[in-house]
Each structure stands twice: as structure tokens, then as C-alpha cells.
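Q: First the structure, which I've put down as C-alpha cells, then a few questions once you've had a look.
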Amino acid sequence: LSTTCEGKDKGICNLNLALQLITDVRDNFPVCPSPPLPIDCEEVLQRDFKAIPNPIDVYCDMVTDGGGWTVIQRRGDFHGPIDYFYKDWQSYKKGFGDIEKEFWLGNENIFGLSNQRYALYDTFANDDEDHKYMLHISGYKGDAGDSMIGVHNEQKFSTKDKNDNFPGATSCAQLYKGGWWYNQCHVSNLNGQYLKSYADGVIWRSWKGYHESLGWTEIKIKDVK
């Protein structure tokens, strides 16, 4: 590549030089691949992805005492009316204000947040289909009570069309309208129907017994690094 340009074609020559320099830089510039998608929720947390949940927006305090606090009320000098919090029952029930400033999250929302329980297990795994997705679960801690290990550990999965409970036994999946690791039949049945007759519902016996369906459940797993 010549670095000199002379004569009437000097302008074209300079353009060619510039193009060659740009090409050289581009060809030698390091490639920065896009980051891979997270493989699970634990990796999302580690890589600082953020998600805004539904159905309500909340303000999270991630600083105080290790973080993870859901703020349900705030007062401050935000130049609002002096009687801003002097409201009726329905206002306090539904919540009001601006979560970036002064607010009350709402008694219904506070009830939903505070009326929760959890059961945490150190081990939760199942086998492959050849082994009927047998459950292996151990190491309970939490405040919901254990409604898994004593009855459902080491049990095969059953559905309405496949009874792996006990050969010749009544189909627990058909009887209690779900799919689960039944064992003649259950002390938990989180895939059951929203019913209130005995043991027919979305059941976690150690917390709500056999007559009350849980309104909301989630089963979550993450890899232990």
C-alpha cells in the first residue's frame, strides 16, 4: 500500500488509503460476542438481570440488613397535603400514593405478602422416564411444615392415565384430580383442583390441612454451586 498520493488522482488515492485503513482496523478489531442467555434463575441473579413482577409494583430495599425488603409504607417530606394519609377504609384496602415517594401499599397487598409460607429442601430431583420420574427430596427447613419427605420421597409420578402408585391400587391421580408423586395417596397435592372437599384441593396438609386449597403455589429449583 502506497502512502503517497500525487497528481490529478490525489483525491481518489486519499479515499482509497482511508478505505484501506478502515478495512485494516475492522479486520483486526476484536470480536465481542453477545453474552449467552442465562441458563436458570440463579444465573440471572448472579449476572444482575432485573425483572419487574406483576401484578403490583413494589419498592425493594436492597441495602438495609442484607437487602430483600419489600417496603409497604413510606412517609417523608415530599410536600404533599398534611392530611394525605387521612383516608377511608377502601383507600387503605387498595393502597395509594407513589412508591417513589409517600405511599401505603394496601392492606390486601400486605395480607398477600405476609400470609405466605415456604418449604425449602436441600435436595429436590427426579429420575428419568424409565424410572417413572421417581422423586428424591430431603433436608427440609421453612415455616410451612414438611408435606413431602415422609410420604412422597422415593415415589414414582402418577397421572390420570398412568398409575405408578402401587400395582392394583386405586389411582390417586384419578381420585384426587392431579398429577403427583402419590403414595396411597398424599399429604401434598399442589397440582390438584381448587376444591374444598376432603383432600381434593391444592393441598399442603402441614399448613392448611385437607379442606383448604392454597390460592397460590410455586415450586422453584436452583443449582447449588
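Every residue, even glycine, has its Cβ placed from backbone N, Cα and C.
Copied straight from Swiss-Prot:
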DOMAIN    32-225  domain 'Fibrinogen C-terminal'
DISULFID  Cys41-Cys60  disulfide bond
BINDING   Asp164, Thr170  Ca(2+) binding site
DISULFID  Cys172-Cys185  disulfide bond
SITE      Tyr176  site 'Implicated in ligand binding'
SITE      His186  site 'Implicated in ligand binding'
SITE      Tyr198  site 'Implicated in ligand binding'
SITE      Ala199  site 'Implicated in ligand binding'
SITE      Tyr210  site 'Implicated in ligand binding'
Q: Among the recorded positions Cys60, Cys172, Cys185, Ala199, which residue has the largest number of other Cβ atoms within 10 Å of its own Cβ?
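A: Going through Cys60, Cys172, Cys185, Ala199 one by one, the largest Cβ count within 10 Å is at Cys172.
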Q: Quick check for the class: what is the C-alpha distance, in angstrom and rounded, between Ala199 (site 'Implicated in ligand binding') and Tyr176 (site 'Implicated in ligand binding')?
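A: Distance (Cα to Cα, whole Å): 7 Å.
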Q: Among all chains shown, work out which of the recorded sites Tyr176, Tyr198, Tyr210 has the most CB atoms within 10 A of its CB.
A: Tyr176
Q: Neighbour count, 10 Å Cβ-Cβ cut-off, for Asp164 (Ca(2+) binding site): what number do you get?
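A: Other Cβ atoms found within 10 Å: 19.
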Q: Tell me whether Asp164 (Ca(2+) binding site) sits in a helix, a strand or coil according to DSSP.
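A: Going by the DSSP assignment, Asp164 (Ca(2+) binding site) belongs to neither helix nor strand, so it counts as coil.
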Q: Report the member of Thr170, His186 (the recorded positions) whose C-beta atom has the most other C-beta atoms within 10 angstroms.
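A: Max Cβ neighbours within 10 Å, all protein chains included: His186.
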Q: Recorded positions Asp164, Cys185, His186, Tyr210: which have a Cα within 10 Å of Tyr176 (site 'Implicated in ligand binding')?
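A: Taking Asp164, Cys185, His186, Tyr210 one by one, the ones whose Cα falls within 10 Å of Tyr176 (site 'Implicated in ligand binding') are Cys185, His186.
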Q: Quick check for you: of the recorded positions Cys60, Asp164, Cys185, Tyr210, which have their Cα within 10 Å of the Cα of Tyr198 (site 'Implicated in ligand binding')?
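A: Matched recorded positions: Tyr210, sequence order.
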Q: Sort the recorded positions Cys60, Cys185, Tyr210 by C-alpha distance from Asp164 (Ca(2+) binding site) and give me just the closest.
A: Cys185
Q: Pop the Cα-Cα gap between Tyr210 (site 'Implicated in ligand binding') and Cys60 (disulfide bond) into the table, whole Å please.
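A: One finds 35 Å between the Cα atoms of these residues.
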Q: Cα distance, Tyr210 (site 'Implicated in ligand binding') to His186 (site 'Implicated in ligand binding'), nearest Å?
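A: Rounded to the nearest whole number, the Cα-Cα distance is 10 Å.
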Q: Fill in the CA-CA distance, Cys172 (disulfide bond) to Tyr210 (site 'Implicated in ligand binding'), as an integer in Å.
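A: For Cys172 (disulfide bond) versus Tyr210 (site 'Implicated in ligand binding'), the Cα atoms are 15 Å apart.
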Q: Mean pLDDT over the domain 'Fibrinogen C-terminal' (32-225): what is the value?
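A: Result for the domain 'Fibrinogen C-terminal' (32-225): average pLDDT 84.
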Q: Roughly how many Å lie between the Cα atoms of Tyr210 (site 'Implicated in ligand binding') and Thr170 (Ca(2+) binding site), rounded to a whole value?
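A: With distance taken Cα to Cα, Thr170 (Ca(2+) binding site) is 19 Å from Tyr210 (site 'Implicated in ligand binding').
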